[in-house]
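As written in TrEMBL, here are the features:
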- 50-436: domain 'Cation/H+ exchanger transmembrane' (DOMAIN)
- 491-615: domain 'Cation/H(+) antiporter central' (DOMAIN)
- 631-773: domain 'Cation/H(+) antiporter C-terminal' (DOMAIN)
- 73-90: transmembrane segment (TRANSMEM)
- 102-122: transmembrane segment (TRANSMEM)
- 134-156: transmembrane segment (TRANSMEM)
- 168-189: transmembrane segment (TRANSMEM)
- 201-227: transmembrane segment (TRANSMEM)
- 239-261: transmembrane segment (TRANSMEM)
- 273-292: transmembrane segment (TRANSMEM)
- 351-375: transmembrane segment (TRANSMEM)
- 418-439: transmembrane segment (TRANSMEM)
Amino acid sequence: MSNNTDSISTQKVLQCVRFPPRGFSLGIFGKDNNPWTYSVPTIQSQILLIYVITQLFHIPLKRLGFPKITSEIFAGLILGSTLLGRYRSYQESLFPIASQGILGALSTFGYLLFLFLSGVKMDTSLTRKIGRRALVIGILNHLVPLVAGMITVSALSRSFFQEGGTTVSPSVEVITIAKTSFPVISFLLKDLGLLNSELGRLALSSALISDLFGLTITVISVLVFISATGTLARAVKDAILFIIFIIVVIFVFRPLMIWVAKKTPEGRPVKDLYILLIVLAVLLSGVFSDWAEQTVLVGPFIFGLAVPEGPPLGSTLVDKLDPFASGFLLPIFVSLMSLRTNLSAINPSSSFTFANIILICVASISKILACLLPMLYCKMPLNDAAALSLIMSTRGVVDLATYSFLRDTKIINQETFAFMVIATAFTAVFVQIMVRWLYDPSRKYAGYQRRNLINSNNKLPILLCIHNQDNTAAILRLLEKSNPTRDFPIVANVLHLIELRGRASSVFISHQIQTKAISDVSYSENVILAFQGYERNNYGAVTIQAFTAISPCNLMHEDICTLALDVLASIIILPFHRKWAVDGSVEVEDHSLRTLNCSVLERAPCSVGILVDRGQLRRSNSVRSSQNAYCVAMLFLGGNDDQEALTFAKRMAISGTISLTVIRLISKKEMSSNVDQVIDLDIVGDWKHSRSGWENVQYIEHQVNETTETALLVRSLVDDYDLIITGRRNNTHCPLTAGLEEWSEIPELGVIGDMLASKDLKTRASVLVIQQQQIAM
């Protein structure tokens, strides 16, 4: 019955196609004024229509937590035989069979590049460092649903699956459901912002093991199928060819690409000739894998695994090819696959439909339980274990491509294909919404314990963030002036932040534990050596612990806050997003760094300081800074942040090597009965009394009548000092700064910090703005 139905439906779509196809329309001057009789205008219209409908769905659905792939599937269902494809005039004019073949070939090329780049982004070195939990989850996640599905197929009568097209259809369906795709998991974690979280790293490691394990099973299954349907000699020949291909990729192409990476100078782009040769090799790898009777997509993926991930080669390939492959062609590929889906082919009353529902449910539930139960046994919280189980059971574009290939080869029929497409869309939506509800990575940063400078003891744990070599000099200068002595030691945790490029998984390295570094750690070498040299020169007073984090810019705050939590830091020091030239003008303004600083200020489990460095500028000729001592001013207006800044300034002054001036601004309008004002008076009074005999410390009070006097006073002080410390004064209001907030250009620095970091202010003084830890309610 099924074969007759397929033949009838095939006859309905038979059309006369003109060869060679006409490409470009002659426009209004041509005899034929119908542009859709030409292939190029037709394909352009198809692409435009796919993108318009996709965006119309995605704009409202993304607010509900729906992933973009669901909008692409909906666009294909609307344009396909499920809805508009029922009308013959529409299909013949806008989506004729010939144009679908051309657009399908173009989008398949994009999917081939996507798989290659997925292999490039995979950090195969993780397999050597994967823990037991990730190994167990990765194998069980594939093995348990595979066994459970096969048992279900055996338990159900074969008559249930007679409409499936072939006798191997149920078994192949189980294999595809059991598969976990690393690119799909990586895409999901990126959308959820969990790449840097502990849960995300565990999911990526488990997905890598599961994907490689599934790839091995798939290759073996293909060879077994060939030997069962053909001859054993043919299967052996294909196995030998495939093994030779892998050996050539590992021992010939990978050393060549490592050589290319080493030949490329640091900071310089890879030559275009090498990129073109690699793309050519990707296409040849697809041809070779097809010759070995594997799918044409296996070769590019394995070839991508051989490319050294990260800069310079991996990142260059991703930067050049990923926008075109994943950004432009891949959405078309997804929509075209769902465009070929006919939901009317599903018969709700048939036994075949019942068997498919049972099989999908059993395999999916067993896949979730295969992750959930081991994690609960390992004492993982229920919410985290459930979120991880759902992540490992998600589906996406790789699964859709597999279903499409099985449909084209007649292994599964149209009804099974429709089932799989709907299951993929439903799973993608359900998993993303549920994981957002179950797992909040920022909740672990909630500050229920006070970690700040006021409550710290003599030993100061501090987290110093470095982005480039310029930051190293500024941070070292601040560290030196922070009075590290044997009586007041500093534990400096140095975190070098590197943007994630050319790989899918984030990397976090502790250089105290991992002595053998990966390729990207060479970028941290100068930073590590500079701080280790400072530690040797200050033995017993400073302890350096170095770390490297390679992650996306929008997720770097996760690494910073997690490390601050782990090392019990009292304060995080962040570099400012502006860099000044020697003449005082702004040379660089890094907006991604500014976004990072704001994210850390919102989530940090301790106090935060933002260092505005002007140390490379010429020193002022003023009287104060012409002295030998390093001159520091602390502007005190009141509030928790200013109290924290005063504590830091007090620590700097203990050694007597710097000259500290505490300048307190007092408004005549302030009432002494104000509780906060009384606390400020007590703190300042205690500080004055304890430091009364120190010659390197001065205390000055200025009475200010209005905000304009505050601004003029602050600007008049800047050339007298090398460093000015002030509090951010977050959520603090007083007459001294009333109205100035509206003119603030950089609110993360506060009103006073914003004035001191202004582009218009030609000062030589660096600025340190401190925010005290915000306690969660």
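Every residue gets a Cβ built from N, Cα and C, even glycine.
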Close approaches to the transmembrane segment (102-122) from elsewhere in its chain (Cβ under 8 angstroms; 6 or more beyond its ends): 21, 39, 43, 46-47, 182-183, 186, 208, 282-283, 286, 296-297, 300-307, 309, 314, 317-318, 321-322, 324-326, 328-330, 332-333, 336, 397-398, 401, 502-505
Chain residues outside the transmembrane segment (351-375) and at least six past its termini with a C-beta under 8 angstroms from it: 133, 136-137, 140-141, 143-145, 148-149, 152-153, 156, 159-164, 170, 173-174, 177-178, 206, 384-386, 388-390, 392-393, 415-416, 419, 423, 427
Segment proximity, the transmembrane segment (134-156) to the transmembrane segment (201-227), 3 or more C-beta pairs under 8 Å: yes
Candidate ranges 134-156, 168-189, 273-292 - greatest C-beta contact count to the transmembrane segment (418-439) (under 8 angstroms): 168-189
Helix, strand and coil counts within the domain 'Cation/H(+) antiporter central' (491-615) (DSSP): 46 helix, 41 strand, 38 coil
